[in-house]
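Here's what TrEMBL has on this protein:
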BINDING   H64, H66, H219, N293  Fe(3+) binding site
BINDING   H64, H66, H219, N293  Zn(2+) binding site
BINDING   R73, Y131, H158, Q222, S298  4-imidazolone-5-propanoate binding site
BINDING   Y131, N295, G297  N-formimidoyl-L-glutamate binding site
DOMAIN    240-361  domain 'Amidohydrolase-related'
Amino acid sequence: MAVVVTGIGELTTNEPGLGTVTDAAVVLEGDRVAWVGRSAEAPVADEWVDVEGRAALPGWVDSHTHLVFAGDRTAEFEARMSGQPYRAGGIATTVEATRAASDAQLAANLRRHVAEAVAQGTTYLETKTGYGLDVEHEARTARIAAGLADEVTFLGAHLVPPGADIESYVDLVCGDMLDAVAPYVQWGDVFCESGAFDEARAERVLLAMADRGLGLRVHGNQLGPGPGVQLAVRRGAASVDHCTHLTDSDVDALVGSATVATLLPACDLSTRQPLAPARRLLDAGATVALASNCNPGSSYTTSMAFCVATAVLQMGMSVGEAVWAATAGGARALRRDIGEGAVGVLRVGARADLHVLDAPSVTHLAYRPGVPLTWAVWRAGERVR
Ligand code: NIG
């Protein structure tokens, strides 16, 4: 069954040969894009949807979320807004609530957040473990995530659980915990930050995950300067996420590397950190992605549109750069930007992920910040909004 979405006033494709197409149409067939071009030349299809001049773009690719959790951290947020600093130790509060929740509660919570994201145009979403922090609960949260998110990352090395010895905990993460989660995950991650895992321990974790065939990601340079970015580049991580505090040599290391700098503006705002230096990274030639980092502690939003608007209004990114970073950039950070079924792009053979805005151009994402502009969403060819 083929659907032609026609009458698109402005179509952002992210495909270099196509660019932005005006008066455009896209044909979705099964879960793939079958055709992209001018409305007047669109082939005949089974179903015809005229979007009457609205703008369309690939669905958001949210490459960084922590959505397998239970509990609430409103009080911690309120304390922070009254001047308390963000501390990684808050993660332990969510660990306690997550361990106490049933599988059904965790799955329902994850489903609810994914649905919330999809309703706002997110069509491809990564999520992580990291609120289990023992073998049983890391494996359980990985299994639950595997059924409900597009990609799953093992983040046993999120925090050393209270009372545990750090060396023994790293042994556990690299041994029994990795064995237990490996069937459910594609990626391995580590929080390399003072108060979490230092460079040597983070590197050990990354080596163990790479040995197991997992792709690598790193949480780095979130709360202060540190070794995370350079470690990620050295170990060939697909992405280093946060990048809030960067030295010139961190930026230099990213430039020319295959490691994407994934910026999390909602997290920077919610933790009252400075905003990540997007302009510096882009001007130097680094690849930048934007993601929500939705989690109950440091960034409780599923809104990629909010991240795009913040990136434009406060981080010096152009609308085009921000939209690319939240679609194709996220896809590159997940290594899903090439080949059949690629996401974050609209070209023949890409996944049929289309986001139509109730606006004439993507500029409205920043021009009308906070306004819910999602008008229609197709995810893998299925109309979900
Ligand atoms: O990406 N940096 C570490 N992990 C999360 C925070 C999780 C939390 O506070 O619960 C983050 O910000």
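Yeah, the Cβs are placed from backbone N, Cα and C, and that goes for glycine too.
Because TrEMBL annotations are produced automatically, they should be read as predictions rather than curated entries.
Projection of TrEMBL feature records onto the structure.
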residue : record                                  : DSSP class
H64     : Fe(3+) binding site                     : coil
Y131    : 4-imidazolone-5-propanoate binding site : coil
H158    : 4-imidazolone-5-propanoate binding site : coil
H219    : Fe(3+) binding site                     : strand
N293    : Fe(3+) binding site                     : coil
S298    : 4-imidazolone-5-propanoate binding site : coil
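When Cα-Cα distances from H158 (4-imidazolone-5-propanoate binding site) are compared across the binding-site residues H66, H219, N293, N295, G297, the shortest belongs to H219. Residues H219, S298, taken from the binding-site residues H64, R73, Y131, H219, S298, are distinguished by a CB atom under 6 angstroms from ligand 1. In space, H66 is the closest of the binding-site residues H64, H66, H219 to S298 (4-imidazolone-5-propanoate binding site), judged by Cα positions. Neighbours of R73 (4-imidazolone-5-propanoate binding site) among the binding-site residues H64, H66, N293, G297, defined as a Cα within 10 Å of its Cα, are G297. Reported as a whole number, the C-alpha separation between N293 (Fe(3+) binding site) and Q222 (4-imidazolone-5-propanoate binding site) equals 12 Å. Within 10 Å of the Cα of Y131 (4-imidazolone-5-propanoate binding site), not one of the binding-site residues from the list H64, H219, G297 places its own Cα. Cβ neighbour counts within 10 Å, taken over all protein chains shown, single out H219 as the most crowded of the binding-site residues H66, H219, Q222, G297.
Across Y131, N295, G297, which the record gives as binding N-formimidoyl-L-glutamate, the greatest C-alpha separation is 11 Å. The 4-imidazolone-5-propanoate site in the record is lined by R73, Y131, H158, Q222, S298, and its two most distant CA atoms lie 19 Å apart. Cβ neighbour count for N295 (N-formimidoyl-L-glutamate binding site): 26 (other Cβ atoms within 10 Å of its Cβ, all protein chains included). Comparing the binding-site residues H64, R73, H158 by how many other C-beta atoms lie within 10 angstroms of each C-beta, the top residue is H64. N295 (N-formimidoyl-L-glutamate binding site) and H219 (Fe(3+) binding site) are 14 Å apart (CA-CA, integer value).
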